[in-house]
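Before any comments, here is the structure.
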């Protein structure tokens, strides 16, 4: 299986390239970056599967090109703003090929999301919710894709279990707010913290990444799943490569 990386010259693209070179079951194909000599169309044409580690500014262009020449995609970058049409384009592409949407491919992040949904269903409106995410100063997007995903998970759980609307940055009395903070400092690979806080107690879920290799290894697990399972077209999450049922 020939793997092409979109964003091949970035931190994650470089890490994944090195990991792929060390494996016998995958071949590193031509990649794309803003400074590469390959066009986006030629990279898509000359690979069996694509991994996107670029940025949200490229997403619209990438999906337009993929809809002209569908290839399986691991979409591992932050989605553009909700006003974009990316969700619709993901669904369109997933009608033809497998699309794995995973802004965070680590096992710890997946478990944190599942626990967050559980706690959101347990704690009522007496508990305020705060999300804090910290990354290295070179990370361009804020809020991170993982933090945005956590917000969606919490809002869905609150609406389902408590019939209560939650959102970020709302000022209506009928809407509960999720406090959300982002920081870009130093060389921190990634930290996400969710706190449920009442007048009497607090419970906190924190996931900290010490090495970016954990993300590249997560992508490799998803590639193994694509290679071994040959899944049908559809939209999938990062759990497909984790072999977990929690």
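Just so it is clear, glycine is given a Cβ too, placed from its N, Cα and C backbone atoms.
Now, the feature entries from Swiss-Prot:
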- 135: active site, proton donor/acceptor (ACT_SITE)
- 139: active site, proton donor (ACT_SITE)
- 7, 8, 9, 10, 11, 12, 76, 77, 78, 102, 103, 104, 105: NAD(+) binding site (BINDING)
- 34: NADP(+) binding site (BINDING)
- 136, 145, 146: (S)-2,3,4,5-tetrahydrodipicolinate binding site (BINDING)
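Recorded features from Swiss-Prot, shown on the structure.
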{"residue": "7", "record": "NAD(+) binding site", "CB count, 10 Å": "24"}
{"residue": "11", "record": "NAD(+) binding site", "CB count, 10 Å": "16"}
{"residue": "34", "record": "NADP(+) binding site", "CB count, 10 Å": "11"}
{"residue": "76", "record": "NAD(+) binding site", "CB count, 10 Å": "27"}
{"residue": "78", "record": "NAD(+) binding site", "CB count, 10 Å": "23"}
{"residue": "103", "record": "NAD(+) binding site", "CB count, 10 Å": "19"}
{"residue": "105", "record": "NAD(+) binding site", "CB count, 10 Å": "24"}
{"residue": "135", "record": "active site, proton donor/acceptor", "CB count, 10 Å": "24"}
{"residue": "136", "record": "(S)-2,3,4,5-tetrahydrodipicolinate binding site", "CB count, 10 Å": "14"}
{"residue": "139", "record": "active site, proton donor", "CB count, 10 Å": "18"}
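Of all the binding-site residues listed here (9, 146), the one with the fewest other CB atoms within 10 A of its own CB is 9. Less than 8 angstroms from the CB of residue 145 ((S)-2,3,4,5-tetrahydrodipicolinate binding site) sit 77, 78, 79, 103, 104, each of them six or more residues away in the same chain.
Taking the C-alpha positions, the distance from residue 136 ((S)-2,3,4,5-tetrahydrodipicolinate binding site) to residue 11 (NAD(+) binding site) comes to 11 Å. Comparing Cα positions, the residue listed as 'NADP(+) binding site' lies closest to 11 out of the binding-site residues 11, 76, 105, 146. It is 16 Å from the Cα atom of residue 76 (NAD(+) binding site) to that of the residue listed as 'active site, proton donor/acceptor'. Among the residues 7, 8, 9, 10, 11, 12, 76, 77, 78, 102, 103, 104, 105 said to bind NAD(+), no two Cα atoms are farther apart than 20 Å.
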